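Copied over from TrEMBL:
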- 56-275: domain 'ABC transmembrane type-2' (DOMAIN)
- 58-79: transmembrane segment (TRANSMEM)
- 91-113: transmembrane segment (TRANSMEM)
- 134-158: transmembrane segment (TRANSMEM)
- 164-187: transmembrane segment (TRANSMEM)
- 194-213: transmembrane segment (TRANSMEM)
- 251-272: transmembrane segment (TRANSMEM)
Amino acid sequence: MQASENHNILTQLRSGLNTTNFVRAIRDLHHGLLRWPLWMMLGSQEIRQRYRRSKLGPFWLTISLGVTVAALGFLYGSLFKQPLTDYLPYLAAGFVVWGLISGLINDGARAFIDSEGLIRQLSAPLSIYVYRTLWTGLLTFLHNVVVFFVVALIFLRWPGWPLILLGPAIILLLLNGAWMILFIGVISARFRDVPQIIASIVQVMFFITPILWTTDMLPDRALFLELNPFFHFVEIIRSPMLGEWPSVETWMAVIAITLVGWSLALVAYTVYRWRIAYWL
């Protein structure tokens, strides 16, 4: 039975992975990007819907994160014997970046599933649901990053020149978010248990990625950190926020993951794009 399923998958890959389908997939991504007013509207509407009838609206995200950072900052700062002037900005930056990463992955796993009604009714490129998820994640990040700058202002921790790398780092992370949404979204549309598996993996990765703890606490585990892709995703944005230059190794790791990830995502989207509507 397993051999038969593997044979079917290989057959689908061979038949679906051709120039015609690849061009159609690229065209779908391009046309979806050009429909930016639509996916921006859908993303903004999704956030407003979450906080409907709330007076503060999406700023509850900011308040919630601020309370979390303050509470955990004082607690873990004492446990780890870290000066709050250093630890609170570090923790705030880590939480803000992790919120963006985990949101893109978890929401990306359900990007097509939660858009079933729109996909069936709306004649539009499927990629608009990828871009909508990216836009929603970016809006949430912009609300949450306020917490970091408030903390930085309180402790007089202005990032300085390294902050100029924040824009390129965010763009690079969003590029990775796009292929993750595309790849995981396609798989999740076919196998509905995948979003739950992804959520569990992301939760575990939170604890083994230096968010609550610092890299100085594991001086002899450099290889452990280097092999953790989430560490590089966090570090490439957190470092400029803290006034530090991301290492060359981190840039190279993220760029390599971007290239490999997009290769996998394009293969999956080329072969299975036309099946997504039938799976939903």
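Every residue gets a Cβ built from N, Cα and C, even glycine.
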Where, among 91-113, 164-187, 251-272, do we find the most CB pairs under 8 A to the transmembrane segment (194-213)? 91-113
Most Cβ pairs under 8 Å to the transmembrane segment (134-158), of 58-79, 91-113, 164-187, 251-272, goes to 91-113
Can you work out which residues elsewhere in the same chain, 6+ from the ends of the transmembrane segment (251-272), have a Cβ less than 8 Å from its Cβ atoms? 12-13, 16-17, 21-22, 24-26, 28-29, 172-173, 175-176, 178-180, 182-183, 186-187, 190, 226, 229, 232-233, 236
